[in-house]
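Q: Pasting the feature list from TrEMBL:
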- 53: active site (ACT_SITE)
- 236: active site (ACT_SITE)
- 35-361: domain 'Peptidase A1' (DOMAIN)
- 1-24: signal peptide (SIGNAL)
- 391-416: transmembrane segment (TRANSMEM)
């Protein structure tokens, strides 16, 4: 009897281990080079690795022998590939590519999603996009479809499978000094457990959220919260570092530097400017402070994501493996706050499109230590932290649209009244109406006029 229970327990343990392992090894990467997943494209299927990027929406793969690319997609041997003849170019904060748009069958074997037909950009030229030794040959954008290029005509993979939500767990390392890191991409279908730490998505293009505050070792960064979101704050798995608007970055670095100096340690300016590494005689977590960011919920409250120094200091294993050397993984930004991999690693992050929220919980596969605290009451309306230019542009668009709508309505009422009660010669003839209607519609703002650049 005892042996039977032991065998059952052993098999259960093995199956559980296999399940957890299967969840933890479908995403791979290297520090500073992002995370990739294997996809199958075409018939017969061709296997390629694509970078996971929540800051864009195109599925794009190398389609020619490009620099730093081990293999590429050959559309001529796929029986299901359909060309559109349309060219497409995408520019990121770092790197750009140009290619031709087409469509084909796409399958991601390691996630619970059906094979779908979606648009694919075949990259024929690139500059500073593919990185040496990265092991990926393309990019899979997981942002909202409005970011896809060309605008309004492209169906992304995520749009094609239409999930309620997806989750990323990143930063899991098999060995302490291993260069390789891994994680998991999951496609979620309701019902699924939702953690209490959920940030509201305020605009559906990037995963744009509101940063309500920043703290260095529980000391508030004394800057108006609008500056934290100047000109936006987004969650972006395609960006390595945690990026702050320049004014915020300078204050954060100053406070971290002062904290380090309080331990009697002076580090050169080159380190704070990301021009060199800092080699220490002690573990960095003993002298560097924690760094926390507050994110707004949908109920007027906020929660904190508290990063350990291990998160924002990257160990330099490639060039200084024998020393305790680190590089600062914070940098200034001209496009707002970017919550990159530094912020995401060590967490399970659920991108819930149905409830318009990005939810955070502790990772089940390890990674750097990250604390979640709250919720806390906001002193003011979190919407006051949204950058004013964004608010003004949104209000202007609403005003123009409403004004145009009311103008059209007034013309319709006047025309009907004229036709009903006045002499026909005093009213416009019917053949003139469509021409005037079209010209008025052409004055209305269109979604394609928005500057939805993929660069962050």
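The backbone N, Cα and C atoms fix where each Cβ goes, and this holds for glycine too.
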Q: Check the domain 'Peptidase A1' (35-361) for me and report the mean pLDDT.
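A: Here the predicted model's pLDDT, averaged over the domain 'Peptidase A1' (35-361), is 94.
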Q: Helix, strand or coil for residue 53 (active site)? Use DSSP.
A: strand
Q: Could you round the CA separation between residue 53 (active site) and residue 236 (active site) to a whole angstrom and send it over?
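A: A Cα-Cα distance of 7 Å.
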Q: Specify the count of other C-beta atoms within 10 Å of the C-beta of residue 236 (active site).
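A: Excluding its own Cβ, the number within 10 Å is 24.
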Q: Tell me whether residue 236 (active site) sits in a helix, a strand or coil according to DSSP.
A: coil
